[in-house]
Each structure stands twice: as structure tokens, then as C-alpha cells.
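Have a look at the structure below before the remarks.
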Amino acid sequence: MEKGSNGSAALEMQTSELDQPAALRKIISVSSIAAGVQFGWALQLSLLTPYVQLLGIPHKWASLIWLCGPISGMLVQPIVGYHSDRCTSRFGRRRPFIVAGAGLVTVAVFLIGYAADIGHSMGDQLDKPPRTRAIAIFALGFWILDVANNTLQGPCRAFLADLSAGNAKKTRTANAFFSFFMAVGNVLGYAAGSYKNLYKVVPFTMTKSCDLYCANLKTCFFLSITLLVLVTFISLCYVKEKPWTPEPTADGEASSVPFFGEIFGAFKELKRPMWMLLIVTALRGIAWFPFLLFDTDWMGREVYGGNSDATASATAKKLYNDGVRAGALGLMLNAIVLGFMSLGVEWVGRKMGGAKRLWGVVNFILAICLAMTVLVTKQAENHRRDHGGAKTGPPGNVTAGALTLFAVLGIPQAITFSIPFALASIFSSNSGAGQGLSLGVLNLAIVVPQMVVSVGGGPFDEIFGGGNIPAFVLGAIAAAVSGILALTVLPSPPPDAPAFKTGAMGFH
């Protein structure tokens, strides 16, 4: 292992010596790619769960579609991170992977948007769900989209770490801007998803097999791919990257170690702070993912009292679609709060006494918000019971309460998008791994909980009578435990760590 260890050390040394920290405008330019990526991700979160149910997948099995995200993330991000750390292309280490990811997104968006049309041309009958061929095309596109997103995001964050060149202030600034542009992409995606007549911009999207909802989804994806290609092209043309050359070993050969040996070595070398970071991140994931996957479905079913099943009445489907659009509006409010909070993370952290305390407090905010979904649901159900089914949706105070929860959740989400990644970048200097691989290791703590939620979320809800509330309550409990651990067992930044001497996400 000595040869592999020398290789990792040389890799880190060369990474830190590539240059002085890059100019802020270059960091902002690379960060802007997050807006293009997150536009498409916002569309996934707000529109695709309802869409797969319209294709005929029952609610309790709809969560299984989301398995492709964590599985691809578990495999793709560490592998891409490992190879991007060692890429010797003349275009640089990160840029080739970013371009490849953008190309895969284009293919995936086409397959998802045209799944209903392709399925119908292959023999799907519109009046006999499930549309198995459309579901197969959709699932293929969805898998490719998640692989593409993981291919993009890991190298983007690693590129920002390279541009920061080990400077603590640049590291936290880069992660804050990345989080801010994710919020920008969220706002654009959720705004597009909440506008029901967007298909009129591209009228050919509506076909016999693709109704208004489907046509809006197509149009949204066309807009997202346009934004992603534009920001990626501008950023990679403007920000150049020096080619990386492996350091030769004593025998004159470039050192190397197999991927799995490297990643297991990274786990072996992790210090206690990084392990605590992974545990808190994993629990936070169990808390977040039920809401992230089913937030708009919750609005359509529990809050508005609608139903997306193919056999549901026209009134029930209309209520459901109205609820989904209201959920997309809530997610847009969430993204606005997230954007402003992202820019104020450092200031708020200093006022609260450090990243450890800040992370713990916002996890309790997450727990309270998830628990409050029970109250909103009960109020909506009581209104429908007292008004004979309420064919016009919930009253204004119930809708306002639900939208308020969406908005407040932008606060803990901003912390989630910045602090863990900044800490992982800093801890990587002690882990024996490159930036790309270290961020891939952190990603495992994100995708494993997502796999648990994807596999168990639907059946778990069915045990308690269906709906989304049981998973939300479990998420509230996980968020509370995550908050306790963040306040008690997550170590404070070590005072002898160079990156923390100037307060990188430690806010000292």
C-alpha cells in the first residue's frame, strides 16, 4: 500500500500546487453550472413522481423509480471522482467529465420527455394502463439522467476545490456560490413546473399520447437543457484547467492503485471528524428524502384531496394536478429562501457560534417542519369532511400553511447544500484521497439513505394506511436524532488544521 499512499500524497500535492487561488469571477462562472443541473433536478423532484403515476405505476411502487438515483450515485460519483482525480487529458482533469455529463443529460431528457410518444408508437394503449413500454423508456431515461447528474456534480465541486487551491476562504465562498446557483436552478425549475400553459411556448410538444401535463413536462426539460448547455459552454470556455501529470515513483513509473483499493483505503484512513460527518449526513438524508420525493404528491393527495390514478374521476385528477402545481410554487418559495440563506451561511454561523451548532439547530427546524405536515393534512381532511368532499381544494389558510412549510425548509436545505461538502473538502487533506474521491465518499452517505427510502417508503406508508404522512413522521424523528448528534458528537474543527485556522466553515 506504500506505493498507493505515495501516489495519493503526490496527487494531493500537485492539486494544491496547480496555482494560486483563482479569481472570484472564475469560481462564480464554474459555480453557475449548478443552475443548469439543478433546473433539471427540480423538475425531477416536482413533476416526475406524479408523471410516473399518470403512466400507470401505483403510488406505493412509484418510489422504486427513484432507486436509480442512489444506485447510480453510489457507483458513479466515486468512480468519476477517482478517475477525474487522475485524468491526464490535455483539456484538464475535470472539464472532460463535465462535458460528458452535459451530453448524457441531453440524451436522457429526450427519452423522458418523449417516453409517452415512443411507448404509444410501440403499441401502448392510452386507455389501458399501465403503459409498460412508456414506463420502460422513461425508466431508461431516468437512469441515464441520474448518471449524468452524478457525472456533472462531482467534478464540478472538485473543480471548485481545485480553483480554491486549499485556501479556506475561497473554499467556503466556492461552496456558498455553488449552493446559491443551485437555488437559482431550483427557482427556475419550480417556476416552470408551476405554470400550466408553458407548453404553448413549444406547441408541438402536445400530442395524442402526451396530454397537457406531459407537454408541460417536455417543454420544461427543453428549457432546462438549453440553460445547462449554455452555462456549461460559457464556463468551460472561460475557465481553463491545467493538464495533470502523474508524479513518477522511485522506479520511474507513475504510481497507481486500483479504484476499489483506493476507495477502501480512503475509508480506512478517515479520521473521526469525517466519520461523524458521514453519520450526521446519512441521518439527515433519511429525514430529507421522503419529503423531497413526495412533496408535490403530498400536496396533490393529502392537501388538495386529489388522485392521479388512471381510473380516478376527472375532478379528482384536476384537484391532484392543482395540488402538484401548488407544490411546485412551494418549492419555488423554498428555493428563494435557500438562495438568500446560502449567501448568509457564514454570517449566521458566526452569530450562532460555529458550524456544529448551526447544523444541529437547522436539523431541528427540519424535524419541526416535517412534523407540521401532519397538522396541515388533518386540517385539509377536516375541511373536506365538513364541506362534503370539497371539490374546489383546501381553504386559503391550509394552502398558506403548506406553502409556509415549503419556504421555511429552505433554511436547513441551504445548510445541507454547503456545510457537509465544504467540510468534506477540508477533511480530504487528512484522508489520503483526492478531492473527487473524497466527495464521492461523502456521496455514499447521501445515496444509501435515499436507497432505503426508495425501497421502503411506499410499503412503509402502506402499512399505516397509505399516503405520505408515515414517511414524513419517520423523517422528523431522523432529523431530530441528526440534530442531537450534530450538537453532541460531531467534533469541532481541529485547531491545528490549516484550513480551519481562518475559519473555513468553522466560523471561528
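Just so you know, glycine gets a Cβ as well, placed from its N, Cα and C.
What TrEMBL lists as transmembrane segment is 23-43 (among others). Same-chain residues lying 6 or more positions outside the transmembrane segment (23-43) and placing a CB less than 8 Å from one of its CB atoms are 98, 102, 105, 109, 145, 149, 152-153, 156, 159-160, 163-164, 170, 173-174, 177-186, 188-190, 192-193, 217, 220-221, 223-225, 227-232, 234-235, 238-239, 331, 335.
Taken from TrEMBL, the feature transmembrane segment applies to 63-84 (among others).
Annotation source TrEMBL lists transmembrane segment at 96-114 (among others). A Cβ distance under 8 Å defines the sequence-distant neighbours of the transmembrane segment (96-114), meaning residues of its chain 6+ beyond its ends; these are 33, 36-37, 40, 48, 80, 83-84, 87, 89, 137-138, 140-142, 144-145, 147-156, 159, 205, 217-218, 221-222, 224-225, 228-229, 232, 236.
TrEMBL lists 134-152 (among others) with the feature transmembrane segment.
What TrEMBL records for 173-195 (among others) is transmembrane segment.
What TrEMBL lists as transmembrane segment is 215-239 (among others).
Summarising the annotation, TrEMBL assigns transmembrane segment to 274-294 (among others).
Annotation comment: TrEMBL describes 328-349 (among others) as transmembrane segment.
For 361-380 (among others), the entry in TrEMBL reads transmembrane segment.
Per TrEMBL, transmembrane segment is recorded for 400-424 (among others). Long-range contacts of the transmembrane segment (400-424) within the same chain, counting only residues at least 6 positions beyond its ends with a Cβ under 8 Å from a Cβ of the stretch, are 157, 171-172, 175-176, 178-179, 182-183, 273-274, 277, 281, 284, 288, 291, 295, 299, 303, 326-327, 329-331, 333-339, 341-342, 345, 355, 358-359, 362-363, 365-366, 369, 372-373, 375-376, 379, 394, 438-439, 441-442, 504-505.
The transmembrane segment annotation in TrEMBL covers 436-457 (among others).
Under the heading transmembrane segment, TrEMBL lists 469-490 (among others). Sequence-distant contacts of the transmembrane segment (469-490) (same chain, at least 6 residues past either end, Cβ-Cβ under 8 Å): 273, 276-277, 279-280, 283-284, 286-291, 294, 298, 302, 356-357, 359-364, 366-368, 370-371, 373-374, 377, 453, 457, 460-461, 463.
Counting C-beta pairs under 8 angstroms (sequence separation of 6 or more), the transmembrane segment (361-380) reaches the transmembrane segment (274-294) with 3 or more such pairs. Long-range contacts of the transmembrane segment (328-349) within its own chain (CB-CB distance under 8 A, at least 6 residues past either end) are made by residues 42, 45-47, 172, 176, 179-180, 182-187, 189-191, 193-194, 295-296, 299, 355, 358, 402-403, 405-411, 413-415, 417-419, 505, 507. Within the chain, the transmembrane segment (173-195) has long-range Cβ neighbours (under 8 A, six or more residues past its boundaries) at 24, 27-28, 31-43, 46-47, 156-157, 160-161, 163-164, 216, 219-220, 223-224, 227, 325-326, 328-329, 331-332, 334-336, 338-339, 342-343, 345-346, 410, 414, 417-418, 421-422, 425, 505.
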